[in-house]
Amino acid sequence: MRQVVVNDLVFGSGRMKICVPVCEKTTEAVLDAVKEIKTTPADLIEWRIDYFDEDMFAAAPEILKAAAPLPVLCTFRTKAEGGEKAIDPMDYFAMNAQLSALGAPLVDLELFLCEQYDDIAKETVQAMHDMGTKLIISNHDFSKTPAREEIADRYKRMMALNADLPKIAVMPQNERDVMVMLAAMNESTAFCGPLIGISMGELGKVTRVRGGAFGSVMTFASKGKASAPGQIDAETLSKMLNEN
Ligand SMILES: O=C1C[C@@](O)(C(=O)O)C[C@@H](O)[C@@H]1O
């Protein structure tokens, strides 16, 4: 299987990697959260920049350094996909390229924005890859689970945009939706190799624990504040992942 290497982490080898998000407004609070997360079995840290109220470019080097040896996934989740802030699309692409220039090892770009601004997205992806950043291309639906074919198609479109790790998080309305998501992930691994798939909420918790058997290589866990419904505490999740 294709593998994706970010610092010392090899996605596509061994168990799902545990990513713990930080949703804080200030540099001081982010640094405190990073310190706390480093006491957990987290493999990487997601910095949710849409929560951040200070100058992200001034803070980034310090935050990346504080997290080391854990890599930081930089994510500005837009309002349209369940994030905290709206952002002008041109600023969005420029911001992500700048984070890459500042040394971000892994950055999340949203599929729908990339497709809407295809030319600038392709240029940005290329520039970020040239600077050594790996890219997650993502899509979120906080209200429902699209059809299996649609989920599989979105994974394919992410790969067409040169994603290193395609990621989809959806909300199940019933048990069947969770199985739809697992089936879409399982079928998509043949095409994508390592991917990330999450069925959110209480019903979808199984995907955060056993998604690895269906092709998922990263699972999001909480330390304190959760950034999405259904996230399991990092220590608890790590024990569950190791119980094979
Ligand atoms: O895309 C994701 C996945 C997520 O929504 C989850 O369901 O755990 C949490 C977000 O912080 C992250 O950016």
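Glycine is treated like the rest: Cβ placed from N, Cα and C.
Unlike curated records, TrEMBL annotations are generated automatically.
Taken verbatim from TrEMBL:
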BINDING   Glu46, Trp47, Arg48, Arg77, Arg208, Ser227, Gln231  3-dehydroquinate binding site
ACT_SITE  His140  active site, proton donor/acceptor
ACT_SITE  Lys167  active site, schiff-base intermediate with substrate
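Shown here: features listed in TrEMBL, placed on the structure.
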residue : record                                               : Cβ within 10 Å
Glu46   : 3-dehydroquinate binding site                        : 23
Trp47   : 3-dehydroquinate binding site                        : 27
Arg48   : 3-dehydroquinate binding site                        : 21
Arg77   : 3-dehydroquinate binding site                        : 24
His140  : active site, proton donor/acceptor                   : 22
Lys167  : active site, schiff-base intermediate with substrate : 24
Arg208  : 3-dehydroquinate binding site                        : 23
Ser227  : 3-dehydroquinate binding site                        : 21
Gln231  : 3-dehydroquinate binding site                        : 21
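For the 3-dehydroquinate site, whose annotated binding residues are Glu46, Trp47, Arg48, Arg77, Arg208, Ser227, Gln231, the maximal Cα to Cα separation is 20 Å. Closeness to ligand 1 is met by Ser227, Gln231, these being the binding-site residues among Trp47, Arg208, Ser227, Gln231 whose Cβ falls under 6 Å from the molecule. Counting in whole angstrom, Lys167 (active site, schiff-base intermediate with substrate) lies 9 from His140 (active site, proton donor/acceptor) by their C-alpha atoms. Under DSSP, Ser227 (3-dehydroquinate binding site) is assigned to coil, being neither helix nor strand in the three-state scheme.
Across the structure, Arg208 (3-dehydroquinate binding site) and the residue listed as 'active site, proton donor/acceptor' place their CA atoms 15 angstrom apart. Taking CA atoms as the reference points, Ser227 (3-dehydroquinate binding site) and His140 (active site, proton donor/acceptor) are 13 Å apart. Straight-line distance linking the Cα atoms of Glu46 (3-dehydroquinate binding site) and the residue listed as 'active site, proton donor/acceptor', rounded to a whole number, equals 16 Å.
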